[in-house]
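Have a look at the structure below before the remarks.
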Amino acid sequence: MSLAALGVVFGDIGTSPLYAIRECFHGEFSIPVNTPNVLGVLSLLIWALLLIVTLKYLTFIMKADNEGEGGILALTALIISHSKKNKSERWILVSLGLFGAALLYGDGMITPSISVLSAVEGIQIIAPSFGPLVIPVTIAILAGLFLFQHHGTAKVGSFFGPIILLWFTSIGLCGLVEIVKYPAILKAVFPWYGLEFLVNNHAKGFLVLGAVFLAVTGAEALYADMGHFGRRPIRLTWSLLVLPALLLNYFGQGAVLLSEPAKSWNPFYALVPSWGIIPMVILATLATIIASQALITGIFSLTQQGIQLGYIPRLTVQHTSASHIGQIYVPAANWALMFSTIALVAGFGSSSKLASAYGVAVTATMLISAVLFYYVARDLWNWNRLGLNLLMGMFMLIDLSFFGASVSKLFHGAWFPLVIGFALFTLMLTWKQGRLLLMKQIQDRTLTVSEFTESLAIQQPQRVKGQAIYLTANPDVVPMALLHNMRHNKILHSEVGLLHFSTERVPRVPNSKKVEVIQLNYGMYKIIARYGFMEYPNIRQVLALANQQGMHFRTDAISYFINREKIVTGMKSKMSVWRKKLFALMARNALSATAYYDLPSGQVIEIGVQVQI
């Protein structure tokens, strides 16, 4: 794996040592610092890394790739494209996948906040008087990070890898020094210390699991980034560099707690010698910025996938690199994240308080990923039922334990990512259902392509020389823009293309299968452009590929006709009135087809159509 990829994939999980151990002994549900508790918490944390990250995600979940792509939406699309289940079962699985994706937005708001804030707080160790500056400095760093997004990361990306490599090396060495001083801490590798801790501490021990989970919050990112860097490089880098560095640092923090319990308020920086505090604060800040950048990029990618799959309204998506197609910038998502993270930092005031809000969204997403993986392994791969049930039983027990512990923090801030998740989930389902209802209404008011061509055989309108392309949401029906144009202007161009963009349930579609041209009678063509959910439609590419199949359309001579729907509510249907009004509001504010498909504005004719839903 390239050095640049190191920061993208492992930035989130790599910065967890800043706050994970601290929250167990100095957080909302903290426990006393003593030998049994330190060994128990450390044992739970180590085995969480081994069982959740190494075994569950890197060994099993990453097997479920959608033509190389990972992530919860890719996993959901894999199930949709291969599932033979009835509609209700598919709807449940799709809804689970969508809710998991929606929860990741809540995580995307909290991760930059807690990561950068916990790094900047280190300066208080040297100069406690700088305490009042922590929040303003954190907000300034976050604001700068988001304001820089439209420039892309191509120029600074080459620095990410070396910085993260230095980060892992530094935190590993700091931990190793303390382990040498207190080698007895290595006993925590035995799992019975963790089990004994849970038994002896009863409910309080269970609640501490919510803080232990903070060490593995970046596991879902490893799966999501699989398409960019590959399964094998991620596994190797984890095994040879990241996991050893994390274990050394966590063991080192445990050793510090046993030798100097008073330092439980920030055991990470307690590992660092006094002369190295300032360099470590700078390095930690850079590492958390890189981790935040990776998560922001992931949110941009998730948003693009949601748009392509039809669950998010069309938004502006800008490409920030000519050589790397995956580097994109989504302004709406960027500003929403920016204001949310700044509000969280100002509202919670410390990384310790933010930690109470962190984790519940990720645990829920991990639970959902496990459920979706179960159906893939059972229905698509036909795994042995007994072995699969035992494996998933173990994973579900672990995930449910962490989820239950995280939910206990509901009134301490954990409500925030859940509210965000439910709100976005509602918006996604409303948009999808509204579009289906809208398409049905349009389809009922228009003609099929075959009916239209048959009508031309009976009576043709006046044909004018020229080329026209009509965008259509359904390749089998004539767009209303064409019928309205004929009704009002009484003309039809000599060459007409009915263009339909179809998003497939795969990440990418090869050029050889991307465009299908079906020649109809009377100078008409049906053009079906197929794109994957990781791709961005390109009208010029479509026309170039279509012209290779017998069309002769000139890009500078085409008139593009598109519908401009005005949605009014009132028709009786299964969709509630408030959701119809919400859908109409979303449709009014969605990016126009002209802007989304980058059509030449001087060649576009929009025809208004009123549709009642």
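Backbone N, Cα and C define each Cβ position, glycine as well.
Per Swiss-Prot, the features are:
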- 38-58: transmembrane segment (TRANSMEM)
- 91-111: transmembrane segment (TRANSMEM)
- 128-148: transmembrane segment (TRANSMEM)
- 159-179: transmembrane segment (TRANSMEM)
- 206-226: transmembrane segment (TRANSMEM)
- 238-258: transmembrane segment (TRANSMEM)
- 270-290: transmembrane segment (TRANSMEM)
- 328-348: transmembrane segment (TRANSMEM)
- 357-377: transmembrane segment (TRANSMEM)
- 387-407: transmembrane segment (TRANSMEM)
- 410-430: transmembrane segment (TRANSMEM)
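Taking residue pairs at least 6 apart in sequence, the transmembrane segment (238-258) and the transmembrane segment (91-111) share fewer than three C-beta contacts under 8 angstroms. Contact between the transmembrane segment (387-407) and the transmembrane segment (270-290) is not supported, since fewer than 3 Cβ pairs fall under 8 Å when only residues 6 or more apart in sequence are counted. Recorded stretches compared: 128-148, 206-226, 328-348, 357-377, 410-430; the one with the most Cβ pairs under 8 Å to the transmembrane segment (38-58) is 206-226. Simply put, out of 128-148, 238-258, 328-348, 357-377, 357-377 has the most Cβ pairs sitting under 8 Å from the transmembrane segment (206-226). Comparison of 128-148, 238-258, 270-290, 328-348, 410-430 by number of C-beta pairs under 8 angstroms to the transmembrane segment (357-377) places 410-430 first. Taking Cβ pairs closer than 8 Å, the transmembrane segment (410-430) reaches residues 28, 95, 98-99, 101-103, 105-107, 109-110, 306, 311-312, 344, 348, 353-354, 356-361, 364, 579, 582-583, 586 in its own chain, all 6 or more past its ends. Sequence-remote contacts of a segment are chain residues at least 6 beyond its ends whose Cβ falls under 8 Å from one of its Cβ atoms, and for the transmembrane segment (238-258) they are 6, 10, 13-14, 16-17, 20-21, 25, 33, 35, 38-39, 41-42, 45-46, 49, 53-54, 58, 165, 168-169, 171-179, 181-182, 184-186, 188, 215, 222, 264, 267-268, 270-271.
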